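Enquirer: Structure below; questions to follow.
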Amino acid sequence: MRIIPAIDIIDGKCVRLSKGDYNTKIIYNENPLEVAKKFEAHGVQYLHLVDLDGAKSSQIINYKILEKIASQTALKIDFGGGLKSDNDLRIAFESGANQITGGSIAVKNPEVFNEWIIKYGADKIILGADANNEKVAISGWLEESKEELIPFIQNYQNQGIEYVICTDIAKDGMLAGPSFNLYAKILSETKGIKLIASGGISTFDELPKLAQLGCEGTIIGKAIYENRITLKQLENFILNK
């Protein structure tokens, strides 16, 4: 299972939110590159980089940070936050992203999102299916759509999508444990999908459980920044899997 630390960016700084609420912002580090290098030094190979300014303004903003981390580490970066146009994707990939995550666009403009899957390949495009009471949430979680989560994922699986990041908003940034039941349900109803669990990870013991469920990866944010899970523990998990 991939261990994928998260770096969320506002104003070029590394922050965390609770339940996606911009008013709960805590700045953890002024220098995201420093944070990324620290992850890499502990054997981490993947990074989930989110442009929260971009998510709010519906266009890519913090691509310079992406460029910096991609050029000065070997981390495989998936980048998301407000990607809406072909130009946004071009900038993201040219700046060094390995994959991009599209969430709101997949709900609001499925034609464009499907074109991306065809144009860039299913290994490059991740479906960001953020859930609120098993409905899909969009626009940095400021809106809830009418889309039911599992049919939404199944529909895109039929279009060729392979990777899905699912964040249960009720859990995100709350350090209350992940949505094991929700992930088990998704995995049983979408055979073959590479599911990346996100939101609520709070202790190291949850990681083997997610691996056992069959998750492809797990994104860890606040638990790292608040030392609930140490980088040493992650390093051992990566080495021993």
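Using N, Cα and C of the backbone, Cβ positions are placed for all residues, glycine too.
On a predicted model such as this, the values are computed, not experimentally measured, just so you know.
The active site, proton acceptor feature in Swiss-Prot is assigned to D8; the stated evidence is sequence analysis. Annotation comment: Swiss-Prot describes D130 as active site, proton donor.
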Enquirer: In whole Å, how far is D8 (active site, proton acceptor) from D130 (active site, proton donor) when you measure between their Cα atoms?
Expert: 16
Enquirer: Residues with Cβ closer than 8 Å to the Cβ of D8 (active site, proton acceptor), same chain and 6+ apart in sequence?
Expert: C14, V15, R16, L17, V50, L52, G221
